[in-house]
Amino acid sequence: MKNYRIESDSFGEIQIEEKFYWGAQTQRSLNNFKISKQKMPKILIHALAILKKCAAQVNYEFGDLEYKIATSIDKAIDRILAGEFEDNFPLVVWQTGSGTQTNMNMNEVIASIANEELTGKKGGKSPVHPNDHVNKGQSSNDSFPTAMHIATVLATKQQLIPALNNLLTYLQDKSKDWDKIIKIGRTHLQDATPLTLKQEFSGYITQIEYALERIEDALKKVYLLAQGGTAVGTGINSKIGFDIKFAEKVAEFTQQPFKTAPNKFESLAAHDALVEFSGTLNTISVSLMKIANDIRLLGSGPRCGLGELHLPENEPGSSIMPGKVNPTQVEALTMVCTQVMGNHVTVTIAGSNGHLELNVFKPVIIYNILQSIELLSDSVNSFVTHCVKGLEPNIERINALRDKSLMLVTVLNPHIGYDNAAKIAKEAYKYGITLKEAAKKLNFLSEEEFDKIVIPEKMIS
């Protein structure tokens, strides 16, 4: 049989199962928003706990929290950060657009843990009050966007950047010995002039290098924190200097260069920094989609495709075709890319709906951004482990396709002119003969002259 205790808020009393630490406002949110099962991301809860810890420290230093209260709050938060109370943050994304209920969930749980330590009984509002003490000098309107920024930075630094660096390392490692492998290039999915396999992969490498640069550029605005703006940006009920000191505390705790936002009205009413950052994630997914699809095409076959790359064989590919193996890691990564692109559309629409002094699409913005970061990080790591590491060139196939390509004729342009070179290509294609044979047949070049000019190794700069 479940045991219950009574908690209260401005709406009155409400029953809460005794084993949980949350209070009345959290319970009301649970009762009122039974919408799907997408909970607030764990890293956002972690960021909100960091926020409360730093706020309590600043309030104590400003003389606004007595030592016993501040210490009990600090200890409670340390336990939350250590993962002791993960089941006490049950609220879904689909709640108030300011994130107020999740902010109060954190306030109530911290106060409840602290009160249990001080009195032996969880819950209640004394001696530690969720609003008067844990939320002191704060509003959900500045706390939740601050947590959004902290969570985005932490997730990016801990997950996405390492994953992209891992991909970059293995692309560089794989291609370093491919500078002597000359293959045919393709534009419009049609044969083009030659290049080396290393040159082809250098494009992918640069895309990932640029992706990492874009992340650092986009994070510059995400480092700016809204805390101190309180309700509408004026800083009501927050002391002068609280915002600066708070940002310094967060920077010290996280070892990230957080600063207070110069204009709190902007940081409450708009989320342009996160829309921009989501745009960076979108661009990264565009890059990854291109890279993955190229590898898929180059590995197509095994007998009737391009077949220039051997892709690792990880599992059976068909329930009806025996022996079939598919590029499943590519497929997983490209599906993730489409999801991230869709997430960016959501973030864009949500970001554009910051009406007057407060954007009230905050939970859906951060949910989609954090999902994009997680999906990209996990899928890139999987792609590296189960695909990129095992890529091998099919030298025989590469050479065969290169040597019968009609576009080697391009190098003849300076010697016999574009129109005559085009005639050679068309003649070779029409009669199924080599370029050399066509050049001789049309009396443009002898075999010896052709061999001196058409050298793939000299066509790659």
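Glycine is no exception: its Cβ is also placed from the backbone N, Cα and C atoms.
Keep in mind the model is a prediction, meaning the values are calculated, not measured.
These come from Swiss-Prot:
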BINDING   98-100, 129-132, 139-141, Thr187, Ser319, 324-326  substrate binding site
REGION    121-140  region 'Disordered'
ACT_SITE  His188  active site, proton donor/acceptor
ACT_SITE  Ser318  active site
SITE      Glu331  site 'Important for catalytic activity'
Neighbour count (Cβ, 10 Å) for Thr100 (substrate binding site): 19
For the region 'Disordered' (121-140), distant same-chain residues with Cβ under 8 A (at least six beyond the ends): 5, 7, 16, 18, 21, 23, 52, 55-56, 58-59, 64-65, 68-69, 72-73, 98-100, 103-104, 106-108, 110-115, 227, 229-231, 237-239, 242
Cα-Cα distance linking His188 (active site, proton donor/acceptor) and Asp132 (substrate binding site), given in Å to the nearest integer: 65
Nearest of the recorded positions (His188, Ser318, Glu331) to Ser140 (substrate binding site), judged by Cα-Cα distance: Glu331
Secondary structure composition of the region 'Disordered' (121-140) [DSSP: H/G/I, E/B, coil]: 6 helix, 0 strand, 14 coil
Minimum Cα separation from Ser98 (substrate binding site), reported as the residue among recorded positions His188, Ser318, Glu331 that achieves it: Glu331
Candidates His188, Ser318, Glu331 (recorded positions) - the one closest to Thr100 (substrate binding site) by CA: Glu331
Rounded Cα-Cα span from His188 (active site, proton donor/acceptor) to Asn326 (substrate binding site), Å: 24
